[in-house]
Amino acid sequence: MQPIISFEQFNFQYKHAAQPTVKDVTFHIYPGEKVLIAGRSGSGKSTLAHCMNGLIPFSYEGTSTGTILIDGKDPRKGSIFEQSKQVGTILQDQDAQFIGLTVEEDVAFYLENECVNEDDMKKIVSESLKKVKMHNFHKQSPHELSGGQKQTVSLAGLLTTNAHILLFDEPLANLDPVSSLHTVELIKDIHKQYNKTIVIIEHRIEEMLNLDLDKIILIDEGEIVAIGTPEKILASNILPSIGLREPMYIEGLKRLHFDSNNDVIYPLENLQRESVSGVINEWMEKQTFCKDTPTKKELLKVENLSFSYPNKQKVLDNVNFSLFKGEIVALLGHNGAGKSTLAHSLIGINKTKNDRILIDGVNINSWSIRKRGEVISYVMQNPNHMITQATVMEEISFSLKLKKFSKEEIKVRAEETLKICDLYPFRNWPIQALSYGQKKRLTIASVLTTNPKLIILDEPTAGQDYYHYKQFMTFIRKLAAKGLSFIFITHDMNLALEYADRAIVLKEGEVIANNTASIVLGHPETLKRANLKESSLFKLVKFSGIANPERFMELYFDDIRREEGV
């Protein structure tokens, strides 16, 4: 069988770049395969995707050498229009994908360009939406849809093209666990029905394993460093060495010094249950649990907070909780649970009446949004909704200029924060040249320059690879140690388990859990009620059959925190 995608000793260097972005790349993908191309930010994986779909060389100029064939043809010799018939692409930023004012209009875009007659067009659009179970949303505006629904509509649009290859650029970047699982199942279903070749660009290895991949291609610093089945890749130690995260249960097994004997470490169900339970019980017997924590001063107190949008039922219903100085709290819950509404109420966007929001004991209900912003900062999930300036340095300096800081102070604060957030080398770059993850770090860096008391972060690590995830969260912990408080609105269970001192879970506007993250996320009933996903580590512990899996989770993350000096 001939490969449908073939790279042979391929090199590409962007115009004005000092060196090639991808170097001596060789790999083959065969018809009907499901392949993950993984690497951290800047590794060259997106460049490979652009070579496949024709954005290189037709939108991004540069010099290439070597061989690239898509379905037997060199895409460099055709046109981007011709290439779009072979390779359909779903972008990381769902909002950037939409053109139509309604779902059906957006799905019909390709057909309109092909001058398909109206009757046939309506039929094809209807069939495509039915394939992805979105036919009941055909009249809705894309902006009324959730992230997962937007992703699904984009896929429906691709199905109208009959492209043989479906290319997904970080499809899970902005999705909650339920939507992520839905997207993966949808891709599997499309592959099963139509035998499309699936190529996914991602750094989230664990989530993509649910796709039953045929192989994983790892790229680092522009070079292919490994190609193999998921079993082969996970049995090696290569992922951490190139800044990618292993599944949490594998990290746990290594931390417990588990010997997998015959290298069977994936899938989890293939492990020897007795060996796993033995090493877990042995490890637990050696642990001591430190419950004594230093007394912290209360920063935020929320009492009886309720909120309803006009002509709608309550979105928040009698919410009560406290937040201490230097504390990191994860705010969890399914889409529509009230997480964003709560954040908007804290910063003053939503006006509430019969409640109390106290900062350092002072009721701030009468404060303006601007005054609240001096003590509570909010960072949106989508960085494109926050960035207003043309360059990195202008963006990070913007709020400091509004606060009338001197030029010298602005320069010192801006450069210091850029270095901490690993953005200093890009300080003079135009915003449009940044990746999504870099833009995310920039919005957070901009907030940090003004020294608020509490920062609310909406999906702080979305769009960031594991290297920058670890680096950024280490930085957040250092800030917390100095007394700065954080609330994370997140769907990332690993983030909550590893870095949150506490987890608050919302369901239909009510607080249904408020405890340490290990206790909350080790409680099956809470996970089920809130539509949250079990971590693979918790699945491993349940698989082992030990008597008290919740106890293990507490001990495990307590041990990590003590080791890191938290």
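Each residue, glycine too, has its Cβ placed from N, Cα and C.
What Swiss-Prot lists as ATP 1 binding site is Gly39, Arg40, Ser41, Gly42, Ser43, Gly44, Lys45, Ser46. Sequence annotations record features per position, and here Swiss-Prot assigns ATP 2 binding site to Gly333, His334, Asn335, Gly336, Ala337, Gly338, Lys339, Ser340. Feature annotation from Swiss-Prot assigns domain 'ABC transporter 1' to 5-246; the stated evidence is sequence analysis. As annotated by Swiss-Prot, domain 'ABC transporter 2' applies to 300-533, with the evidence given as sequence analysis.
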*Relative to the mean position of the Cβ atoms of Gly333, His334, Asn335, Gly336, Ala337, Gly338, Lys339, Ser340, the recorded ATP 2 site, which additional same-chain residues have Cβ within 8 Å?*
Thr341, Leu506
*Grab the pLDDT values for the domain 'ABC transporter 1' (5-246) and give me their mean, rounded.*
91
*asked:* With every protein chain in view, what's the tally of Cβ atoms within 10 Å of the Cβ of Asn335 (ATP 2 binding site), excluding that atom itself?
replied: 16
_Position of peak Cβ density within 10 Å, selected from the binding-site residues Ser41, Ser43, Ser46_ = Ser43
*Which residues, sitting 6 or more apart from Gly44 (ATP 1 binding site) on the same chain, put a CB under 8 Å from its CB?*
Thr21, Val22, Val25, Ile219, Glu221, Gly222, Glu223
*Within 10 Å of each Cβ, count the other Cβ atoms and name the one among the binding-site residues Gly39, Gly42, Gly336 with the highest count.*
Gly39
*If you skip the near sequence neighbours and keep only those at least six away, which residues in the chain come within under 8 angstroms of Ser340 (ATP 2 binding site), Cβ to Cβ?*
Asp458, Ile489
*Mind giving me a neighbour count for Gly333 (ATP 2 binding site)? Other Cβ atoms within 10 Å of its Cβ, every protein chain shown.*
28
*Using DSSP, would you call Ser46 (ATP 1 binding site) helix, strand or coil?*
helix
*Indicate the candidate from Arg40, Lys339 with the smallest number of other Cβ atoms within 10 Å of its Cβ, considering only these binding-site residues.*
Arg40
*If you take the centroid of the Cβ atoms of Gly39, Arg40, Ser41, Gly42, Ser43, Gly44, Lys45, Ser46, the listed ATP 1 site, which other residues of that chain have their Cβ within 8 Å of it?*
His203, Ile219, Asp220, Asp465
